[in-house]
Amino acid sequence: MRKPIIAGNWKMNKLAADGARFVMSLRDEVPEGSKVDTVICASFIHLPFLTEAARDTPIRIGAQNMHYEKSGAFTGEVSPEMLENILVDYVILGHSERRQYFHEDDELINKKMKAAFENDLLPIVCVGESLEQRENNETNQFVRNQVKAAFEGIREGDAKKAVVAYEPIWAIGTGKTASSEDANEVCRTIRETLRELYSDAVADEVRIQYGGSVKPENIAELLAQSDIDGALVGGASMELESFLKLLEAGANAK
Ligand SMILES: O=C[C@H](O)COP(=O)(O)O
């Protein structure tokens with residue numbers, strides 16, 4: 001049984017004090033032994049406050065990006081070692097907004113995947129097709145290729161700890177959600193790709209999230225699908241009340 005994982009991705013939103021207050025309030029709502037893994041992914045500037053606020057709780061904090069080098073002359077960048085040092089656990093890699101606006105490609109994302117594992121960070125690696133690719137029936141092949149590229153050279157023992165987020169680009173922040181059956185079909189493709197690359201053990205262990213306009217109203221149906229183990233949520237993770245509803249759905253899933 002895969003434990004559901006709900007991750008909020010605040011993107012470039014909230015000021016530091018608001019973020020810390022949010023996690024302080026969340027502390028009372030996420031008990032030890034919770035049936036859902038709870039992750040908040042925030043801008044770098046939030047992270048030291050959030051890891052402090054989440055200390056001694058099951059809440060996990062994630063970054064939204066990082067460089068792949070440990071240190072060096074990379075002005076403006078943040079290294080995996082720096083994240084690990086302030087007790088960050090997860091890092092989102094290859095979000096479509098980074099691929100689109102910051103020209104991140106599969107090769108770069110693969111380097112970051114390797115760097116994450118070398119520094120004890122758990123990647124949430126994002127894949128997903130554009131509307132044009134979906135309309136041309138290219139989704140499954142495109143997503144397969146993204147998964148293969150992201151996991152290139154990653155050892156089996158590490159691969160099974162990764163989280164993959166399937167986020168169709170056309171569903172992000174648009175209010176359009178993939179139907180739960182369509183989302184599940186692509187998530188199954190991702191799992192089968194991992195089975196081919198590694199083994200049944202990896203395919204059956206890796207958690208696959210759906211992301212793209214997930215809300216309290218549609219999450220239960222998505223999580224009821226066989227291959228969807230959680231959600232990566234932008235807009236609906238920003239307010240405590242709606243995030244709590246998402247966590248509740250996660251705890252009651254399957
Ligand atoms: O990382 C989260 C996704 O980009 C989804 O964002 P959204 O829930 O606002 O559509």
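Heads up, the Cβ atoms here are built off N, Cα and C, so glycines get one too.
LYS11 (substrate binding site) falls within neither a helix nor a strand when secondary structure is assigned with DSSP, and so counts as coil. Every protein chain considered, the tally of other Cβ atoms within 10 Å of the Cβ of LYS11 (substrate binding site) stands at 19. Look at TrEMBL and you will find ASN9, TRP10, LYS11, GLY173, SER213, GLY234, GLY235 tagged as substrate binding site.
Feature annotation from TrEMBL assigns active site, electrophile to HIS95. Under the DSSP three-state reduction, HIS95 (active site, electrophile) is assigned to coil, being neither helix nor strand. The Cβ of HIS95 (active site, electrophile) has ASN9, GLN64, ASN65, CYS126, GLU167 as same-chain neighbours under 8 Å, each 6 or more residues away in sequence.
If you look up TrEMBL, you'll see GLU167 marked as active site, proton acceptor.
The phosphoserine annotation in TrEMBL covers SER213. Listed in sequence order, ALA171, ILE172, GLY173, THR174, GLY175, LYS176, THR177, GLY235 are the same-chain residues at least 6 apart in sequence whose CB falls under 8 Å from the CB of SER213 (substrate binding site). Under the three-state DSSP scheme, SER213 (substrate binding site) falls in the coil class.
Same-chain neighbours of the substrate site beyond ASN9, TRP10, LYS11, GLY173, SER213, GLY234, GLY235, judged by a C-beta within 8 angstroms of the site's C-beta center, are, in sequence order, ILE172, VAL233, ALA236, SER237, MET238. Sequence-distant contacts of TRP10 (substrate binding site), defined as residues of its own chain at least six apart whose C-beta falls under 8 angstroms from its C-beta, comprise GLY19, ILE40, CYS41, ALA42, SER43, HIS46, GLY234, SER237, MET238. Checked against ligand 1, the binding-site residues TRP10, LYS11, GLY173, SER213 give GLY173, SER213 in sequence order as having a Cβ less than 6 Å away from one of its atoms. Every protein chain shown contributes to the tally, and the Cβ of GLY173 (substrate binding site) ends up with 12 other Cβ atoms within 10 Å.
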